[in-house]
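The structure under discussion appears below in the form of structure tokens.
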Amino acid sequence: MCGIVGYTGFQDAYDIVINGLRRLEYRGYDSAGIVLEDGNNKLEVEKTKGKVEDLVNISSQLKGKAKIGMGHTRWATHGVPSDRNSHPHLSNNGKLAIIHNGIIENYDTIKTMLTEKGFTFKSETDTEVLVNLIQYFMDLNTETDFPTAVRYALNEVYGAYAITVMHEDYPGVLVVGRLGSPLAIGIGDKEYFIASDASPFVEFTKEAIYLEEGHMATISLENGVDIRTITENSKIVPEIQKLKLSLEQIEKSGYEHFMLKEIFEQPKSVHDTMRGRLLVEEGVIKMAGIWDHIEKFKNANRIIIIACGTSWHAGLIGEYLIEEYARIPVEVEYASEFRYRNPIITDKDVVIAISQSGETADTMAALKLAKERGAFIYGICNVVDSSIARITDAGSYTHAGPEIGVASTKAFTAQLTILSLIALKLGKHNGNLGNADFMSLIAELDAIPKKIEDVLSSTHELVQDIAKDFINATNFLYLGRGYNYPAALEGALKLKEISYIHAEGYPAAEMKHGPIALIDENMPIVIIAPKKGHYDKIVSNVQEIKARKGKVIAVVNSGDTQVSQMSDYVIEIPETSECFSPIVASVPLQLLAYYIAVYRGANVDQPRNLAKSVTVE
Ligand code: F6R
């Protein structure tokens, strides 16, 4: 969602802000803007609906003019995407500028109050209300300085925010605050960077402070970084972190899109997820997060998995894995439903939150609720030190590396890998999984990166050819059974989100209860049919589809004959245990979605209306 970049130092602020915004494009946005302090204590703003390159087209006159500035990519919440609603927003007196990620829920009440005091508004945004509230506090008492006024204003609002504010009478100073949306402060030598994540400043510094919930900071070249709590104004000693992120990780490295790069990174990312955890020769799975709390898992009445989107699909596969091997009851919940439905949660429940970004607002809120009610919270996140990672009691990072393409690919297979490790570890520990089965399963899991590598090389060209035949399709069905039912849901989600072709995933047997009515010669049906896992039943499903002339694209094991003979297109993947087959089967489905979208001319890395990190509900 919205991206924030700020800079104060000795370099050209325009270049740093614009390049920083380019790095944050992956978050998803519909407009962009910049404000600089031009050296004569005057704020200069340019903003536009559209992309960062559209902003560059109207703002290049600002280049070289300032050493302090900030920029924003906006994902519309209050008010349509338009030049007017784009950030930065200025206060009525033109002295303050703000950029904001999040939602101010009580903006309407504050707007009414400010309107009564004579303030006027140019946009429909909640953000413009906040900047005027800051001006209001400065006007009310001329002794109130800029940071204090920001603090007063933040104490009046509720909702979620990460903000950065500049004041033209405070040269070189940026004031930032955070509640619910992430914000990082990069510490350079006589320069400071602000950003929604560290990617905009990674080539300038490896030291950063991740602002905590409910904290604000005043950043100036003279006094450095002064962090306070928003409510009490208590001084906080910051924890400076060493960044592990490298420039290479956030560049395309010769691939046309981040999504393709990330699909091809999966042999490595799945391997990285297992590294140091899966020790096949010793016959053990080492996971400190699980081991340190093994009694919690052992005595759990049930495990509740909470997630959204692709992570929710991973959660469904986690349910199959944990119930099969550890025999602990599992429920999988959409975070957005869980948080509002007054669920029964006890201190005997273990909640596992799955989130690539670690910032998803619904998942975060659901976790807070579960925590309040006494559940033990375990996190599976990709982004280190993300908000969700911080509020959990324990957890495992997926270590898939930064995922920049909006459509999740390598993060999903990494989540499946972690869930496999957890299920096998718990099953082995509680005695539901015998040693021989455990040993053979961990050996199979260890072989998955190589199998992904084989799938990538053997199917890449074939999938491109198949994709060409479906660029004009308007609907797709994805079917699978058992472990591959969630894989079918995920395949359908990948296609719809990046190609804008309507696609539905179903358990194959559910076809008869409705979707079969849709099948005719124009309906492409992707069916996941590995040998292990209800193969005979799938054969019958394919027969039923062919009897209605549906076009079958089958994902089968190498050497398959029965399903292959009936199918119009066949994608072969290596055989593996049913429980790991979604990791391998997902790879050609990601490629299929990717190439169909590319051939349709879609912007695969930044699909319309979508955001990488959904920080508002
Ligand atoms: C789809 C996708 C989304 C996310 C969802 C949850 O490709 O990426 O469906 O999975 O928004 O995000 P995280 O995992 O960051 O909580």
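Including glycine, each Cβ sits where the backbone N, Cα and C put it.
What TrEMBL records for Cys2 is active site, nucleophile. In the three-state DSSP classification, Cys2 (active site, nucleophile) falls within coil.
Around the Cβ of Lys612 (active site, for Fru-6P isomerization activity), the same chain contributes Met1, Tyr26, Arg27, Gly28, Ser357, Glu403, Ile404, Val406, each under 8 angstroms and 6 or more positions distant in sequence. Look at Lys612 (active site, for Fru-6P isomerization activity): DSSP puts it in coil. TrEMBL lists Lys612 with the feature active site, for Fru-6P isomerization activity.
For the domain 'Glutamine amidotransferase type-2' (2-222), the model's pLDDT averages out at 95. Among the features that TrEMBL reports, domain 'Glutamine amidotransferase type-2' is placed at 2-222.
Positions annotated as domain 'SIS' by TrEMBL: 293-432 (among others).
The feature domain 'SIS' is assigned by TrEMBL to 466-607 (among others). Break the domain 'SIS' (466-607) down by DSSP state and the numbers are 69 helix, 30 strand, 43 coil.
Per DSSP, the secondary structure of the domain 'SIS' (293-432) breaks down as 64 helix, 28 strand, 48 coil.
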